[in-house]
Amino acid sequence: MTALKNDRFLRALLKQPVDVTPVWMMRQAGRYLPEYRASRAKAGDFMSLCMNPQFACEVTLQPLDRYPLDAAILFSDILTIPDAMGLGLYFETGEGPRFKKVISTPADIEALPVPDPQKDLGYVMDAVSTIRRELNGRVPLIGFSGSPWTLATYMVEGGSSKDFRKTKAMAYDNPQALHLLLDKLAQSVTSYLNGQILAGAQAVQIFDTWGGNLSAAAYQEFSLAYMRKIVSGLIREHEGRKVPVILFTKNGGLWLESIADAGADALGLDWTCEIGDARRRVGDKVALQGNMDPTVLYAKPEAIRKEVARILASYGHGTGHVFNLGHGITPEVDPEHAGVFINAVHELSAQYHQ
């Protein structure tokens, strides 16, 4: 494989010295970009974009052609695993993801297969290898998956949910059944991420989007325990260099110390944490990624720069910080404002790395 021309993202995750703070954005390939909307129209729909390696590669690279980002992230969806388990993923306009089959009994869980990444999710592996080849060493490629808890909520609720009542009821009424589901998902995520690493992903992130909706005790039992299991089973070195792992629990700021003990290299932070406080709590153990409120991108350019400067100052001097948003960039953001954000990170962070 081609040598990396820009490895500051990987270096920051491993707390090695960098010249400026690296930056990328969750959902950087997305609807805020006119070129993405054109590709999606050409593909027909969202799943056709995901399942065609050429389209997935095209949209992954679009933000890199527009901005000086320090990483690319595979264009895919967290729900590819439940889809490969036979649940029948589809997207309802205005409602988001739905499943044709819903998990409601222990028998449903017993019947679920653990997908083979090559056979059942080969289109994702092909997308990873295609993107990696096309990147040609420009920046590292991030692979990703949803966390077992987050995937389980969609599988049990049948789609998005405001209160996760069915999944939480299962946690209290029939914890053995939920643990069986989470265990199958942990096995699936481990092999899926390892497949992505072997196909060319140079770092991986686990998105625990709904872990922050649990009580402290339930978070430990039903979310963090399974992420810990995944981390312990991941390939951590490939192609002669370390493969960093990032854990991101949205609304997980109360539990940073526990998450930092899970064995990952970095923690993703949402915007409700103060990054300087997070560094004081866990920064000797792990790198930190985040954490500007994505809605700041609706503000004027000078306000965006001011908030970037504030977050950089909060983190302070030295490496171990990857700048990102605290969640995904939203569709109505002006692409020019995203550019202001990315350029501000590079320009204003140099003083912290002298």
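One-based numbering along the chain as shown.
From the backbone N, Cα and C atoms, a Cβ is placed for every residue, glycine too.
For Arg27, Gln28, Ala29, Gly30, Arg31, Asp77, Tyr154, Thr209, His327, the entry in Swiss-Prot reads substrate binding site, with the evidence type sequence analysis. The Cβ of Asp77 (site 'Transition state stabilizer') lies under 8 Å from the Cβ of Phe46, Met47, Cys50, Leu89, Pro97, each of these being in the same chain and 6 or more residues away along the sequence.
Annotation comment: Swiss-Prot describes Asp77 as site 'Transition state stabilizer', evidence class sequence analysis.
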Which of the three DSSP-derived classes (helix, strand, coil) applies to Tyr154 (substrate binding site)? helix
Note: in the chain of Ala29 (substrate binding site), residues six or more apart in sequence with C-beta under 8 angstroms of its C-beta are Tyr36, Val59, Thr60, Gln62, Pro63, Ile73, Phe75
For the substrate site made of Arg27, Gln28, Ala29, Gly30, Arg31, Asp77, Tyr154, Thr209, His327, how many Å separate the two farthest Cα atoms? 23
